[in-house]
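Trainee: Structure below; questions to follow.
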Amino acid sequence: MEKLSLCLLVIISLSNAFAQTDMIGKAFVFPKESENSYVSLTARLTKPLTAFTVCLRVYTDLNRDYSLFSYATKTQYNEILLFRGKTAVYSISVGGADVVFKPHQSSEPMHFCMTWESTSGITELWVDGKPMVRRSLKRGYSLGTQASIILGQEQDAFAGGFEKNQCLVGDIGDVNMWDYVLSPEEINTVYAGGTFSPNVLNWRALRYEMSGEVYVKPQLWP
């Protein structure tokens with residue numbers, strides 16, 4: 001009986017850890033520097049990605065390096081990475097290659113959308129509804145599906161290799177991902193609070209697990 005109860009408890013715990021949750025109006029809060037505080041997201045992926053759009057909001061006053069979105073596979077830790085450097089530049093990595101953008105800086109919550117397509121390699125970064133000059137990388141590449149997706153830390157190993165000096169301190173929310181490139185009109189609609197049925201990560205039906213000191217709190221942006 002005790003073994004049966006223990007098994008049921010484990011099953012319930014795992015079920016709760018990755019249950020779908022509507023996160024509208026909420027944000028993940030990372031209140032202090034840590035090498036073991038992060039959120040792991042579970043994606044719906046059935047085939048290699050040849051395009052993507054990732055959108056999210058971040059509120060932080062950090063002036064150092066930090067990771068906004070980290071998607072790693074066992075063969076490539078920077079399969080997808082959105083990273084802010086200490087010189088106020090933002091880099092997008094795909095398959096270990098990266099391009100750099102330098103958008104405006106703001107003390108307000110910032111909205112980011114990054115897109116990439118394999119056919120041309122065209123890579124875009126949108127900040128608060130405004131596009132940066134397009135770049136190109138990893139033309140013809142396909143992204144692996146057996147992924148570890150982490151918020152709050154950069155992965156220097158699959159689901160690990162975290163460094164305290166690259167962690168996020170602040171809030172992150174409205175995280176959505178599609179397996180195609182959204183149009184400029186769609187990106188601006190997402191920036192304004194709309195959505196287009198995200199089919200990889202959906203903030204309205206998010207599967208996640210928090211580790212360390214991370215909290216779910218009401219969002220601080222409209």
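Here the Cβ of each residue, glycine as well, is placed from N, Cα and C on the backbone.
Dumping what Swiss-Prot says about this protein:
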- ASN78, GLU154, GLN155, ASP156: Ca(2+) 1 binding site (BINDING)
- CYS55-CYS113: disulfide bond (DISULFID)
- GLN20: pyrrolidone carboxylic acid (MOD_RES)
- 1-19: signal peptide (SIGNAL)
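Describe the structural context of each listed feature in the structure shown, including burial, neighbouring residues and relevant distances.
Mentor: Sequence-distant neighbours of ASP156 (Ca(2+) 1 binding site) (same chain, six or more apart, CB under 8 Å from its CB) are TYR77, PHE162, GLU163, listed in sequence order.
Around CYS113 (disulfide bond), the same-chain residues at least 6 positions away in sequence with a Cβ under 8 Å from its Cβ are THR53, VAL54, CYS55, GLU124, LEU125, TRP126, LEU182, ILE187, VAL190, TYR191.
According to its DSSP assignment, GLN20 (pyrrolidone carboxylic acid) is in a strand. For GLN20 (pyrrolidone carboxylic acid), the Cβ neighbour count at a 10 Å cut-off comes to 12, with all displayed protein chains included.
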Trainee: Under a criterion of Cβ-Cβ distance under 8 Å and sequence separation of at least 6, what residues of the same chain contact ASN78 (Ca(2+) 1 binding site)?
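Mentor: In sequence order, the residues whose Cβ lies under 8 Å from that of ASN78 (Ca(2+) 1 binding site) (at least 6 apart) are SER70, ALA72, SER93, GLY95, GLY96, ASP98, GLN155.
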